[in-house]
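Right, one structure below, let's go through it.
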Amino acid sequence: MGNKVVVGTQWGDEGKGKITDMLARTADVVVRYGGGNNAGHTVIVDGKKFELHLIPSGILYPEKVNVIGNGVVVDPEALVEEMNMLKEEGISLNNLYVSETAHVIMPYHRLLDKLEEKRKGDGKIGTTGRGIGPAYTDKVARRGLRVIDLLDEDTFYEKLKLALDYQNLLLEKVYQVEPMDIKEIMAQYKEYIEVLRPHVTNTSLLLDEAIKEDKKIFFEGAQGTLLDIDYGTYPYVTSSNPTAGGVCTGTGVGPVWIDDVIGVVKAYLTRVGEGPFPTELNNDIGDKLRDKGHEYGVTTGRPRRCGWLDIPILKHAVRVNGLTELALTKLDVLSGLREVKVCTGYRYGDRLIEEFPGNIDILSGCEPVYEVLPGWDDDITGVREYGDLPENARRYVKLIEDMVKVPVTIIGVGPGRKEAIRREKEVN
């Protein structure tokens, strides 16, 4: 297998949880490298559904080591809640490790996130309100607290006091709300710290040892390429790097140790929150995709905006991630449509644009140029061999491969882990 990375190629919600669960089963170590509990993976094992937001999906297999890397911003309350949920389901947590240098989401981060969205009004970004952005802001501004800072009570108090001097100034003077009390925060977080303490370690060293022992490592991505702070539809993005480059900075593993980068692409396109979406379908087809695909956020429950597959977006993801293969998910959701459209470029004024534009104002003014393919009526959820797919479904897959020059090696035909087609990497 080698060491693999799974990344989302779109605006998140591509079905990475299922693909991760499929591939992580052959790994020895499963690692989260960025984001926070704003992400959500749904994994179905033996008919039981697990919704994970922070903990790697390898936790469902007791023989695997699971790592939350330094690039993740950790909300102790959310993490402990997730740990308790897994314990209640009989899942062991002895194989879970948390980076000592991961930054911590504090109560003021969540409050500031919501207050800032409210202040922006119509100009809001559409965050999950979980404090992710403010936590990353403090990390870059060098005033954040890391997991290791919470382990010693005196150190925690001193660093929290310094942080609150700034945060309370912001809360009182800018947002006109009551300041936060240091004793209340200390008391609340003390409980979480004791639960997390046995799991905290230098995860970069742990991963280095795994590499030296020739263990297979699987890096589990969160969100998607178009939510990347550098390569996404800025400013309608997250505050981290969900792209493959985030693996190295978010785990302490060098790029030479990454063998494959698998891009997960949904057979149609979805988006949660604000921002331009050229292929969005505000019609019956969009509603059908949403209902049939159960397109509601795992983390927020918000209905997702739905549209046709966008090739310029996928080409962009191939380039910035260095994708070596694709996993196409939810092909079954397209069954029953009379025709299926694929955006191959954009019309902007009198110009034809075939690459994804970095200028969001241009993207907002783009009209999609479609290639129209005939649909298929067959129920494909039971198909396990590529050759058994309807001809028009195979034409759809081939069009994607021909346009982005990357092979589709996994095709999801249903929500279950086993409802998928596996193909060899070399595709004619």
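Keep in mind that glycine also has a Cβ here, set from the backbone N, Cα and C atoms.
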Looking at Swiss-Prot, which one out of THR155, THR203, THR238, THR243 binds IMP in the same site as ASP13, GLU14, GLY15, LYS16, ASN38, ALA39, GLY40, HIS41, THR128, ARG142, GLN223, ARG302? THR238
Have a look at the recorded positions (HIS41, ARG302, ARG304) and report the one with the fewest Cβ neighbours inside 10 Å. ARG302
Fewest Cβ neighbours within 10 Å, where candidates are the binding-site residues GLY12, GLY15, GLY40, GLY301, PRO303: GLY301
Should VAL413 (GTP binding site) be counted as helix, strand, or coil on the basis of DSSP? coil
Filtered by Cβ under 8 Å and at least 6 apart in sequence, the residues in the chain of THR300 (substrate binding site) near it are THR128, VAL272
